[in-house]
Amino acid sequence: MTNSLFETAKPILEKLQAHHFQAYFVGGSVRDYLMNRPIHDIDITTSATPDEIETVFDKTIPIGREHGTINVIYKGEQYEVTTFRSEGDYDDHRRPNEVFFVRNLYDDVQRRDFTMNAIAMDINYQIFDYFEGQQDIKHQLIRTVGNPDERFDEDALRIIRGLRFQSQFGFHLEEATFTAMLNHIADIKYLAIERIVVELKKLTNGDFVSKSFNNLKHFMAFKYIPFFKHYDITKFTLRNAMPFTTFVAFLISQQREIDANIADLKVSNNEKKRIKTLVQLIDQIDEVQTKSQLKLFVYDYGKKDILEVLSYLDELKRNRITSISPLIVNDQTVTEVAKQLPMLSRSEMDINGKDILEIANKKSGPWLKETLREVEYAIISGEVVNFKPELKKWVKTRV
């Protein structure tokens, strides 16, 4: 069975082979192909060194030359081509002290994390599976390549990656792999938080997140991770896939007495803003008890975010985060109110701060922001029409 992404990348392998180098597809793309899952990225491994790769191809980018990786540009697409390599000792549970380029496929794949990721495939779709990765896929088993204690001692991130794969695929952890994860979990404290968060983002969004999250709790993994170590994760249950930012917001909302710094997660400013918005939304959702309060709530937070939070209502209740009044706040009422709102943002108001300053004949100050907010709410609640002459009259009676 062919695959369009592999077919598109075939000329890369053909050109390397034409120059007498070995070349194979490897890793996640081969695994996903064998599992009939969508393939997103193609990784190519070769006996050619970085210098030789650059000699073979006209357009290249040396994105990871020291690790043997060169980006090859072909027909507008970029392909990661990595030299067969072996690794020296690991001193910090994160990265090898040395990388050695080798000429043998077996030497390359034996350094990989899990058997299902150590499968290579040639240009004719012939499989090279030295560690029974296909059997483990068939039996839905996550097993390390070789000794699991050695694999996790080399790079503790493999523990989180293994649990991420469990969340995505629903596979079981092979017994020795499970035991080694438990034995080495404390080593994740040596990892950069950014690397951990990359895996956690995929983990919380997995279809089988419950199984994986329970293992994280069993391993007491969170006590070794910045930000999360301040929370009592045993109190939190995660049964359904959700974005990482939503998970963090729910955890903060559940344990508001904890004063942890979101900045410790090293996520983007947009993600931090998203978390804070969701926390504020959850804080206020219980206060919505009337139709007029619902109007203001929908105006402030928007239909999209409110409906997202409501889609996790079971998780919110299971974790005792909220006691929403379902008769007032539900998908139908939120959608209806959103349709009826006279405006969606302050930019649509038919009056602005300059107008109000002229009416009041006062200097600007905190009062102006408060007045603009009052005008907003008056429009949303239907107290006044969003029409400048009417708004001016309304403001005159209040400043």
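Glycine residues also receive a Cβ, built from the backbone N, Cα and C atoms like all the rest.
Positions annotated as CTP binding site by Swiss-Prot: GLY28, ARG31, ARG112, ASP155, ARG158, ARG161, ARG164. Secondary structure at GLY28 (CTP binding site), as computed by DSSP, is helix. Counting every protein chain shown, the Cβ of GLY28 (CTP binding site) has 17 other Cβ atoms within 10 Å.
Per Swiss-Prot, ATP binding site is recorded for GLY28, ARG31, ARG112, ASP155, ARG158, ARG161, ARG164, and the stated evidence type is sequence analysis. Listed in sequence order, ASP113, PHE114, GLU199 are the same-chain residues at least 6 apart in sequence whose CB falls under 8 Å from the CB of ARG161 (CTP binding site). ARG161 (CTP binding site) carries a helical DSSP state (H, G or I).
A C-beta separation below 8 Å, combined with a sequence spacing of at least six in one chain, links ASP41 (Mg(2+) binding site) to GLY28, SER29, GLU80. Classification of ASP41 (Mg(2+) binding site) by DSSP places it in coil, neither helical nor stranded. Taken from Swiss-Prot, the feature Mg(2+) binding site applies to ASP41, ASP43, supported by sequence analysis.
With GLY28, ARG31, ARG112, ASP155, ARG158, ARG161, ARG164 listed as the residues that bind ATP, the site has a largest C-alpha separation of 21 Å. Every protein chain considered, the tally of other Cβ atoms within 10 Å of the Cβ of ARG164 (CTP binding site) stands at 22.
A simple way to gauge crowding: the CB of ASP155 (CTP binding site) has 22 other CB atoms within 10 angstroms, across all the protein chains here.
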